[in-house]
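Feature list (source: TrEMBL):
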- Glu92, Asp114, Leu116: Mg(2+) 1 binding site (BINDING)
- Asp114, Asp117, Glu281: Mg(2+) 2 binding site (BINDING)
- Asp117, Gly118, Ser119, Ser120, Asn209, Lys275: substrate binding site (BINDING)
- 6-194: domain 'Fructose-1-6-bisphosphatase class I N-terminal' (DOMAIN)
- 199-332: domain 'Fructose-1-6-bisphosphatase class 1 C-terminal' (DOMAIN)
Amino acid sequence: MEKRISLTQYLVEQQRKHGHIPGQLRLLLEVVARACKRIAISVNKGALGEVLGSAGSENVQGEVQKKLDIIANEVLIEANEWGGALAAMASEEMDSIHVVPNRYPQGEYLLLFDPLDGSSNIDVNVSIGTIFSVLRKLGDHESVTERDFMQPGTRQAAAGYCVYGPQTTLVLTVGDGVAMFTLDREQGSWVLTAENVRIPEDTKEFAINMSNKRHWDAPVTRYIDECLAGTEGPRGKDFNMRWIASMVADVHRILSRGGVFLYPWDKREPDKPGKLRLMYEANPMAFLVEQAGGAATNGRERILDLQPSKLHERVSVVLGSKNEVERVTAYHHEAR
Ligand SMILES: O=P(O)(O)OC[C@H]1O[C@](O)(COP(=O)(O)O)[C@@H](O)[C@@H]1O
Ligand SMILES: [Mg+2]
Ligand SMILES: [Mg+2]
């Protein structure tokens, strides 16, 4: 039988090779992975547990919270606050940051997460996930504030997601490529199942919510119309379309077989730069996608270079196969 490599073995080995995973970061990633295992157990309970349906509350962004949004958020906070690796956390489901209480040891990292991505898919048994991003607390001041989180995505020490689908898969980068771990449900352990993940530079598959077509900006319409024109159009090839409506699952497909994902700005809410969140969704996914040889922009600029100005900041997202992302970005520049 082939030797199975666990998450811990992988992290220790990577530290030996590249030196990017000091002890505190390894501990933090292991704790996040353990929390994802607990969230997976709740997800798998479905109608047998008190996990489906609405919680009857709204988050700071005015979105209705599902029971699992709240459960996943609590699991992540509880698992991480006493571990000693963190100074503070921020979540899509919390109004402001959660500073590690001073009864626990303080660490040097900041953790950001979308505890449950794809909330609209929970009740219909379609893949959902958890997305996370890790920053370093800069400076040696003691009290952490929201300002400490205002770092561009290039500063991420690690990022990843866990997809709760037919398989439970944890996908991780610490800046040395992308690795995937599959949860062995019988053993309760994460097993390395893919290393040095690469996204093909070209693709014939796009992901966008087509129902918003009439609200798009001209460069997005141009790009999608050209894809839809297929072999008779300027691209000279037929495209396929997928839209799962869980960013985690759509990005997982792109990391697995290529493709391009777009959630662009649109005219429904013209004052918002986009629907997706920069700190909890776009930055970690952009880091993973770039580490796998893909690209990620907001249509004009590289996502990882964007300087955030607030915790719950929104952004347009175009990510995936490099040549397609470059094409969409070029169309935006040409339209200027
Ligand atoms: O219904 P839409 O607008 O297509 O939304 C799908 C998008 O919304 C999201 O579900 C937002 O995530 P949350 O469930 O964390 O709010 C993304 O995962 C996904 O890409
Ligand atoms: Mg989300
Ligand atoms: Mg969410």
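Every residue gets a Cβ built from N, Cα and C, even glycine.
Automated prediction, rather than curation, is the source of TrEMBL annotations.
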In sequence order, what residues of the same chain, 6+ apart, have a Cβ less than 8 Å from the Cβ of Lys275 (substrate binding site)? Tyr263, Arg314
Minimum Cα separation from Asp114 (Mg(2+) 1 binding site), reported as the residue among binding-site residues Ser120, Asn209, Glu281 that achieves it: Glu281
Taking every pair from Asp117, Gly118, Ser119, Ser120, Asn209, Lys275, which the record gives as binding substrate, the longest CA to CA distance in angstrom is 16
Does any of Asp114, Asp117, Gly118, Ser119, Asn209, Glu281 have a Cβ within less than 6 Å of an atom of ligand 1? These are the binding-site residues; tell me which, or none. Asp114, Asp117, Gly118, Ser119, Asn209
Nearest-integer angstrom distance between the alpha carbons (Cα) of Glu92 (Mg(2+) 1 binding site) and Ser120 (substrate binding site): 15
Quick check: with Asp114, Asp117, Glu281 left out, which same-chain residues have Cβ atoms within 8 Å of the centroid of the Mg(2+) 2 site Cβ atoms? Glu92, Phe113, Gly118, Gly129, Thr130, Ile131, Tyr161, Met247, Val248, Leu276, Arg277, Tyr280
Collapsed DSSP category at Asp117 (Mg(2+) 2 binding site): strand
Sorting the binding-site residues Leu116, Asp117, Gly118, Asn209 by sequence and keeping only those with a Cβ under 6 Å from ligand 3 gives Leu116, Asp117
In whole Å, how far is Asn209 (substrate binding site) from Asp117 (Mg(2+) 2 binding site) when you measure between their Cα atoms? 16
What does the DSSP secondary structure composition of the domain 'Fructose-1-6-bisphosphatase class 1 C-terminal' (199-332) look like, as residue counts for helix, strand and coil? 59 helix, 21 strand, 54 coil
So if I take the binding-site residues (Asp114, Asp117, Asn209) and measure from each Cβ to the nearest atom of ligand 2, which come out below 6 Å? Asp114, Asp117
